[in-house]
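A quick write-up on the structure given underneath.
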Amino acid sequence: MNLSEIWLREYLSINLDLNEIINRITKIGLEVEKIIPVSMKFSGIKIGKVISCKQHPKCKKLKIFLIKINNKNIINVISDYDKSLINKKIAVAVNGSILPNRTIVEKKFLYGYESCGIFCTYDQLKIFGLKETSKDIIVLDKNAIIGEDIKNYFFLNDNIICIKVSHNRCDCLNIIGLSRAISSEYNELLENKLINKINSTKDYGFKIKINEPEACPKYLTRKIKYINLNVNTPIWISERIRRSGFKPKNIIIDIINYVFIETGQTIKIFDADKISGNITVRFSKEKESMMISKNKKIIIQKNTLVVSDKNSIIEIAGILLGYSARIDSKTTINIIISSVLYRSKFLFGNSVKYCINSDLAYRNERNMIDPNIQHLAINRATELILRFCCGSPGKIINYINNKFLPKKILIKLYKKKLYEILGFFISKKLIENILLLLGYKYEFIKNYWKVSVPSWRMCNVKIEEDLISDISRFYGFEKIPIDLSYKKIKYNNCKYNINTLNNAKKLLTNRGYQEIISYTFVDKNIQNIIHPNKIPVPIINPISTEMSVLRLSFFTNFIQTILYNQNRQTKYIKIFESGFCFSKNKKYKLGIKQSFFISGAVSGFKNVESWYSKQREIDFFDIKGDVETLLYLNGNSSDFEFKTCKNKEFHPGKNSKIFFKKKYVGIIGEINPNIQNKLDIKNRIFVFELLWDNIKNFYVPKIYNISDIPFNYRDISIVISNKIPIIEVIKICKDSIKKELININIFDIYQGKEIKKGHKSISIRLTLQNKNYNMTNLEINSILEKCICNLKKNFLIEIRTIC
């Protein structure tokens with residue numbers, strides 16, 4: 001946001017130097033990016049009037065101009081400009097003037113004739129933002145005073161303050177809001193300098209009809225008749241809006257932009273004579289269209305919020321004005337001005353849908369408008385229109401539906417929580433004074449304040465922590481004590497049943513992973529490709545369209561990171577991240593469930609190609625080994641199970657859900673090839689996701705004495721269906737043998753001509769031991785028979801060999 005220093009000072013009741021203003025803006029929480037002087041240093045440039053022009057007797061290219069500087073001083077200026085300058089007022093550097101490049105203008109003789117000055121161009125004077133054709137001579141309007149210093153005419157003793165406004169301080173996106181915030185820092189309340197009510201009872205006989213009160217709870221409008229648009233915009237208005245980044249066009253557009261910068265509320269103006277019947281706010285129907293220029297129209301999608309008259313759509317609400325009711329400076333004499341409050345959820349996405357990139361659309365879509373500013377804005381616009389364009393105003397026609405207006409925000413601010421977060425003591429009286437200066441109203445009840453949020457902060461103050469942030473910022477971060485030794489610190493008792501997150505991170509790092517930190521906000525379109533059946537949590541006030549929803553998982557971040565690195569020739573990538581992911585769930589507060597995950601992704605080739613080894617692409621079992629090692633930190637790895645599942649996000653045959661004691665704890669698999677093709681991913685990507693809260697408990701393993709009794713080994717080869725997971729076979733073996741089973745290992749899997757179709761041969765090695773005595777062959781065979789019997793009963797296996 002850019003704004004004029006002079007304009008800002010009009011609203012400040014205290015006299016501050018520029019550095020102090022910058023410091024206060026920074027303290028508010030905004031960033032002053034730079035200060036741009038409106039012009040470079042120069043002096044002696046005057047406004048002069050061209051009286052006459054004649055050809056130079058000795059040079060065909062030059063002309064001699066007679067310039068009136070004041071009533072007593074008329075000078076000659078020799079230049080190559082033409083006679084079109086006669087009777088026009090221009091900027092002249094007279095004898096002794098100093099230009100921005102430090103050149104001193106002196107009298108010169110050109111072919112025997114004296115020239116006492118030069119005509120100035122915008123480029124010569126280095127005036128910021130004035131005119132695209134900066135090499136043109138500065139020609140001024142008829143009202144310019146002859147002999148006046150050009151600095152005074154253009155208000156050049158000014159600076160442009162360039163501010164980066166954070167998304168949680170949208171109340172500072174206008175002159176009034178920023179002035180209010182600065183004034184509060186000096187224990188001053190902002191004086192309302194725009195109390196200019198236009199008291200009119202004239203009824204010009206037009207009505208508004210709101211079909212969708214939920215989408216448009218407030219609509220204020222008035223008709224102004226007999227205005228004159230054939231007037232030039234006053235230089236102070238055009239220069240102020242120009243310094244704020246708006247290009248001056250005509251008196252009406254300039255006034256609208258001026259009020260927008262001043263109040264933050266947009267004003268819509270229609271040609272009253274081009275509107276048929278009532279103004280109606282409604283949702284569009286199928287196959288409706290709107291003219292946006294004389295020869296161009298756009299198709300309006302169904303259920304878009306629009307403003308229409310009897311015949312056609314005249315505006316896409318809060319986004320784009322149509323052509324049919326647009327004002328014309330040559331023909332318009334009656335206008336309708338409107339100041340409207342729309343609810344952002346009914347507008348969000350329309351700017352992208354209709355390719356409109358404007359500050360107005362951005363603010364309307366993100367609930368960045370003060371719901372109580374509409375009256376002030378429409379009266380301010382009316383005042384300026386009447387002041388410069390004359391006219392006869394009608395009464396304001398109000399439509400206000402209190403049911404759908406933003407509800408008053410009441411927040412409980414507890415003293416205990418305030419002091420716990422701040423870490424130091426602030427007196428109750430000072431806290432209450434800070435709240436008042438920031439515009440909050442409060443009531444103290446027992447141990448908390450019941451705080452009412454002002455309308456201009458409703459877009460960004462929602463919870464107790466927002467109030468604490470405001471109080472600490474106002475109090476001054478520089479005043480926070482360095483020594484916090486008196487702060488009460490809670491120590492958690494160290495328990496052995498906690499598997500720390502740091503241990504997990506260290507393990508993954510030791511296995512070659514790199515930790516990344518990514519935004520919680522992700523691209524909605526990419527996330528929809530990865531999670532097509534899940535509804536993400538939208539951001540009301542997103543940083544950009546690429547960061548418009550909360551992440552459902554880390555997979556979106558991983559894929560974008562891997563793509564970025566693959567495009568830069570990184571062949572081997574192993575990354576992980578831990579943090580919260582979010583999903584919609586009505587059972588939780590605010591309807592949002594947040595879960596803490598530790599997740600990872602691998603892609604590329606396992607090793608570098610060399611004379612002793614070939615390059616191998618990472619496969620499912622590589623990442624499964626990493627996950628199993630991570631799960632071993634739990635101390636009870638035997639209770640984890642990997643079960644294949646059907647999931648559109650993963651490759652159909654290369655994924656597993658992970659369970660711990662039959663409770664879901666995570667998932668692992670290869671990203672679906674269809675998703676990889678859509679996102680133009682070169683190498684296969686394998687990912688895992690673990691619910692940290694479900695695996696962080698550490699189970700101390702039981703310790704046994706090492707027995708002197710030797711082990712017994714038995715191998716069983718069986719044929720089973722491909723549909724039967726091997727984990728189920730292992731589970732049956734464990735349940736059958738129990739105490740005597742020391743270890744079970746699958747050492748061979750075979751499929752070939754000797755094995756019937758749809759089946760596989762599995763070889764299992766059982767390690768058996770009795771802790772107290774040597775087992776006999778009879779006992780061992782009895783155990784094996786029991787195991788085989790249970791396998792046959794559950795899976796209809798065929799025995800190949802037992803040894």
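Count begins at 1; order follows the chain as displayed.
Cβ atoms are placed via backbone N, Cα and C, with glycine included.
Some features that Swiss-Prot has for this protein:
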| type | residues | note |
| --- | --- | --- |
| BINDING | Asp466, Asp470 | Mg(2+) binding site |
| DOMAIN | 39-151 | domain 'tRNA-binding' |
| DOMAIN | 406-482 | domain 'B5' |
| DOMAIN | 707-800 | domain 'FDX-ACB' |
Coarse DSSP state, helix versus strand versus coil, of Asp470 (Mg(2+) binding site): helix
Asp466, Asp470 as binding-site residues, winner by CB count within 10 A: Asp470
Mean per-residue pLDDT computed across the domain 'B5' (406-482): 91
Structural state census, the domain 'tRNA-binding' (39-151) (DSSP three-state): 9 helix, 50 strand, 54 coil
